[in-house]
Structure formats: structure tokens, C-alpha cells
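Remarks on the structure that follows.
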């Protein structure tokens, strides 16, 4: 369809040929405007009604968009001996004619016109907004017209003999089958634009940060900025996770060393007394007592020269850093120290059992 010349397309689809041009329809509209102006002037050119009529838009039968009124269409069809009757008018309803026995209809809603016509033995919707004719079955025709009325369409029955056309002659001999309804003009292009590739996390972050509100798409600079912002947020999140992991490892190792130290203390000391004393001692006093305890354990291990394993134990114990000594240690050093202390605690426990 070109522009808003749906009335022209409606007439040519009805007659199945290029019978009317916009110029010819404009000439009919101007003629109707002049006839109406002359009728208004009969009451006096100085009357209020006539002055009001002249102040209205230049024409009530056409406009700059290409719209033409029902009067223009009706006068154009009179050239071919055709007449329009309102489908739901009392005059037509009294005739009691089944729609399937008619030849064609013209439908109008606001400023849009289209034709429904029988070609051969089948009905077709010749709407110029469709990419092709739409087949309408005989059983569906009445329902289709009723649906148009419910949507606010005005339907006109075309009375008279339509001119012969090649499509009508061909479809008199064969029947067509339509597997898929024709799409609206521009519908296929719109669907292809809506089909996008799977989005990655960055695209989803951009969309979440800037939800589409119909006011316009992001320009290239803005989109690049939002992409960089999303990447920066991902890096910050990764850094935060790594920092949390390091802190968790350190706290776990500190808790492990404390539990090992408490488990390796002599069993003759009551637990409640040990807890109360630990609470009252300062960190420096605790460090000093633990150091003394480990030195005593190390001396006992060195005195026991029974097996090579005990010699290895003494070497391992001497390489273990003193707990609570502080200092800067890497994560690998801290992990190694924790493993050494855990092994030493198990061996001390075994030795104490043997002494008993």
C-alpha cells in the first residue's frame, strides 16, 4: 500500500484492475465539495451557516493523507453501475439475504478501507495491509463480517455486476488452498528485528541497569560506557570474593591452631580451670607459657632415640614456627605450619599414651 490511499486500493481490488488513480478520486471529491458549497449558498452567502462552512477544512471528502470519504467511493462506483448498501441497515436486513450469496463487500473503520470479494467460488479478504489475499471459507464468512462489526467497522454490500477479470475466470475452474494466513505488511520485518542472539552476562547487566522504557535506544557512547561499568562491577565482585576467601582461610587456620594447642595440654588439668586461667592471662603471658611447653615437648622428643621416625619428628618439630609469634606469613607458609602442628599434636598424644 502506498501512503494512505487505501480507498484507491480498495476500489481497484474490488474491480481487479488499475481503474482509479488518486487524481481521479481527488477530482470526484472536489466536485462533491463544490456541489455541497452551492447548496449551502442557497441559504445566503452572508448567513452564519455558510460562513461556518467556509471556515472548516478545505474539504470534507478528502485530506492531504490520501483519505477519501464514502461519498467519493460511492460516486466512483456509479460509473460502473454499482451501488453501495449498508450491511446492517433495516433496508438490507428485510431482504434476508445470506452473505454467502453476495458478490463483494467494502469495509471501513475510521480512515481505512478494504474489500472482501468472491473470486470464482471462494471468498478472499483483499485488505491492502496484507502481503497477499487471505482465503475465507464459506462457513467463516458470516462470522468474519460479524467480528468486523463488533470491532466498529462499517460494512457495505456492493450491488451490481462487477467487470470480468482473469482471477475470477481462473478460480471458476480450480479451488485454492491456503496453508498459512498472509502476514501484515512490515510484520515479518518487525519479527526479524525482535530476534536477537543469546545475551551474555554483560548485556543482561546493561539491560538491568537501563531498562527499556520506549523513550529511545542508547547511543553508541552510552552503550560502551554501560558495558565498561558492568565489567568493572564484575571485577570488584571477584576481588571481594577473593578477599573474603583469604580471611576465611586465616580464621580457619587460627582456630585450628588454638584447638590443637588446647587438645595437647596435660589431661590432669581440669578444663574449666584452664578456661578461667586463659581468660585472665594476657596474650604475652599465654605466648610465653606455650613457648615453654613446646620447648619441653621438644626436649622429650630429642631424648627418645628409638626409631628413625622419632628423629624425623624432632626435625619436623624444630622447623615448626612458634604459634602466636605473629610476623608476615604467606598463605602457603601458614597452611604448612598448620599441617605441621596438627601432625605434632597427634604424635605427642601417642607418646603420652605410651608413657602411661
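Just so it is clear, glycine is given a Cβ too, placed from its N, Cα and C backbone atoms.
Among the features that TrEMBL reports, domain 'Josephin' is placed at 1-173.
For residue 6 (active site), the same-chain residues lying six or more positions away in sequence with a CB closer than 8 A to its CB are 66, 67, 111, 112, 113, 114, 128, 129. Look at TrEMBL and you will find 6 (among others) tagged as active site.
The active site, nucleophile annotation in TrEMBL covers 6.
Under the heading active site, TrEMBL lists 112 (among others).
Marked as active site, proton acceptor by TrEMBL: 112.
On its own chain, residue 127 (active site) has 114, 115, 134 as residues at least 6 apart in sequence with a Cβ closer than 8 Å to its own Cβ. Per TrEMBL, the feature active site maps to 127 (among others).
According to TrEMBL, the feature compositional bias 'Basic and acidic residues' maps to 187-202 (among others).
Per TrEMBL, the feature region 'Disordered' maps to 187-218 (among others).
Per TrEMBL, the feature compositional bias 'Polar residues' maps to 253-262 (among others).
Annotation comment: TrEMBL describes 253-356 (among others) as region 'Disordered'.
The compositional bias 'Low complexity' annotation in TrEMBL covers 264-283 (among others).
What TrEMBL lists as compositional bias 'Low complexity' is 297-306 (among others).
Positions annotated as compositional bias 'Polar residues' by TrEMBL: 307-322 (among others).
The annotation compositional bias 'Basic and acidic residues' is assigned in TrEMBL to 346-356 (among others).
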Residue 112 (active site): tally of other CB atoms within 10 A of its CB: 17
